[in-house]
């Protein structure tokens with residue numbers, strides 16, 4: 001688990017820096033609004049994933065929590081669970097917002113400016129962070145800080161609450177966090193894939209009916225349109241890959257939450273194995289987007305390539321500079 005957490009933090013930091021650079025390049029090239037908006041969603045998705053990975057770091061600081069400093073006991077009692085759940089939920093809602101954006105762009109392109117302007121993208125992203133706050137705020141009051149049994153520190157325990165109401169609440173937030181978004185993503189992306197392939201087939205059919213002899217200017221324009229369509233195609237495939245990886249890494253945690261809604265500390269051996277697998281998959285999912293961006297987004301590959309080449313050139317320059325300094329120092333010593 002620590003390896004997955006560290007990998008998640010590092011890969012998402014790289015994602016943030018890379019997508020920020022890609023965003024700047026998109027604005028300079030004045031690319032289509034739909035593509036710029038998509039990269040904005042991806043940028044904030046990387047931020048949410050990085051923050052979720054960082055919250056997992058605090059979770060492994062103290063594995064034994066029987067005797068804690070008061071500050072850590074207070075954090076684990078009131079902030080750990082709502083913070084982790086809220087940040088992973090924000091990632092889910094950003095993916096849903098991205099899917100809605102792509103759905104409108106592919107299935108209803110004439111209404112895209114009206115329904116998915118950059119202003120609306122900002123509102124959706126903001127709501128993706130605010131809704132989980134309201135959703136998971138009650139979890140901050142399910143625990144209370146108490147003195148440890150040994151008297152040497154602090155720990156925490158469940159507060160006296162209506163267990164039936166608590167179970168209904170846990171079921172509700174699980175439906176809002178994973179189940180309903182999974183259904184929405186499955187429906188939207190099925191529509192996106194169907195419409196995209198239908199539109200592509202129609203374009204190919206129209207292309208085959210065009211005359212072979214065209215002017216150079218129109219050929220250049222057609223080449224530009226084709227390049228733009230290829231970029232849109234890669235973004236659609238990227239979205240599908242993100243959704244599939246989300247479902248594969250998140251649904252086991254949803255199943256675990258539903259079958260263990262009481263939140264028992266320990267269960268049967270099979271349940272504990274499944275719990276460990278679900279937790280590892282969810283942590284792995286936070287770093288998986290880095291691989292997907294690298295595979296599907298040429299701009300990300302180009303920025304990473306330039307960064308690596310720049311670092312290599314800088315390191316080579318430092319080595320040569322140090323060697324020249326040593327050579328000059330040796331020559332000066334011999335002359336003396």
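Think of each number as a place in line: the chain as shown, counted from 1.
Every residue gets a Cβ built from N, Cα and C, even glycine.
TrEMBL assigns the feature transmembrane segment to residues 273-296, out of the candidate ranges 201-224, 273-296. Spatially, the transmembrane segment (6-22) is not adjacent to the transmembrane segment (117-137); fewer than three Cβ-Cβ distances between them are under 8 Å for residues at least 6 apart in sequence.
Contacts between the transmembrane segment (273-296) and the transmembrane segment (42-63): present, as 3 or more C-beta pairs lie under 8 angstroms, all at sequence separation of six or more.
With Cβ pairs under 8 Å as the measure, the transmembrane segment (179-197) is packed most heavily against 235-261, out of 42-63, 117-137, 235-261. Residues 1-2, 5, 8-9, 12-13, 15-16, 19-20, 23, 72, 75-76, 80, 83-84, 87-88, 90-91, 94-95, 98, 125, 128-129, 283, 286-287, 289, 293 of the same chain sit 6 or more residues outside the transmembrane segment (42-63) yet have a Cβ under 8 Å from a Cβ within it.
Along the domain 'G-protein coupled receptors family 1 profile' (11-293), the predicted structure has mean pLDDT 79.
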